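Below is one structure, written out as structure tokens; comments come after it.
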Amino acid sequence: MAIDAFLGKWCLISSEGFDEYMKELGVGMAMRKMGSMAKPDVYIIKDGDTITVKTESTFKTSQFSFKLGEKFEENTLDGRKTQTLVSLKDDGSLIQEQEWDGKKTIITRKLVDGQLVVECDMNGIKCVRVYQKA
């Protein structure tokens, strides 16, 4: 499966374990409350071999751009500066690995029955967020 299958606008329809995952990341309580309440739209855009992921909510908008397989510095929504690598696996999943201060989290995006399923994992604390194509 090519990256093109991920392109478009995606709207959050369900979220499980997000508060616990944000806590494991080190996100403060006020920002966790806002993050848990937000129903973000995610835009995945491709321009040549550069891919941009833009997350928009009523609270905050952020975006990052990358080329598959090339490490880059990402400024996350919660204020972390990470070294990030995004790769497309043979099974069609998009794997985003963030490293900072000796810590690591892995965000896996995959398409399941036409929905974008985002699985986040840090130290075994997992969350699953499901998006419907707009």
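Just so it is clear, glycine is given a Cβ too, placed from its N, Cα and C backbone atoms.
According to Swiss-Prot, the feature motif 'Nuclear localization signal' maps to 23-33, an assignment based on similarity to another entry. A Cβ distance under 8 Å defines the sequence-distant neighbours of the motif 'Nuclear localization signal' (23-33), meaning residues of its chain 6+ beyond its ends; these are 78, 80, 105, 122-123, 125.
According to DSSP, Tyr131 (hexadecanoate binding site) sits within a strand segment. Within the same chain, residues at least six positions away from Tyr131 (hexadecanoate binding site) with a Cβ under 8 Å of its Cβ are Trp10, Cys11, Leu12, Ile13, Val42, Gln115, Leu116, Val117, Val118. Taken from Swiss-Prot, the feature hexadecanoate binding site applies to Arg109, Arg129, Val130, Tyr131, supported by experimental evidence.
Taken from Swiss-Prot, the feature N-eicosanoyl ethanolamine binding site applies to Arg109, Tyr131. Taking a C-beta cut-off of under 8 Å and a sequence gap of six or more, Arg109 (hexadecanoate binding site) has these contacts in its own chain: Phe6, Ser93, Leu94, Gln96, Leu116, Val117, Val118.
Annotated (9Z,12Z)-octadecadienoate binding site per Swiss-Prot: Arg129, Val130, Tyr131, in sequence order, evidence recorded as similarity to another entry. Summarising the environment of Arg129 (hexadecanoate binding site), the number of other Cβ atoms within 10 Å of its Cβ, over all protein chains shown, is 22.
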Distant-in-sequence Cβ neighbours of Val130 (hexadecanoate binding site), under 8 Å, six or more positions away: Leu12, Ile13, Ser14, Ser15, Gln115, Leu116, Val117, Val118
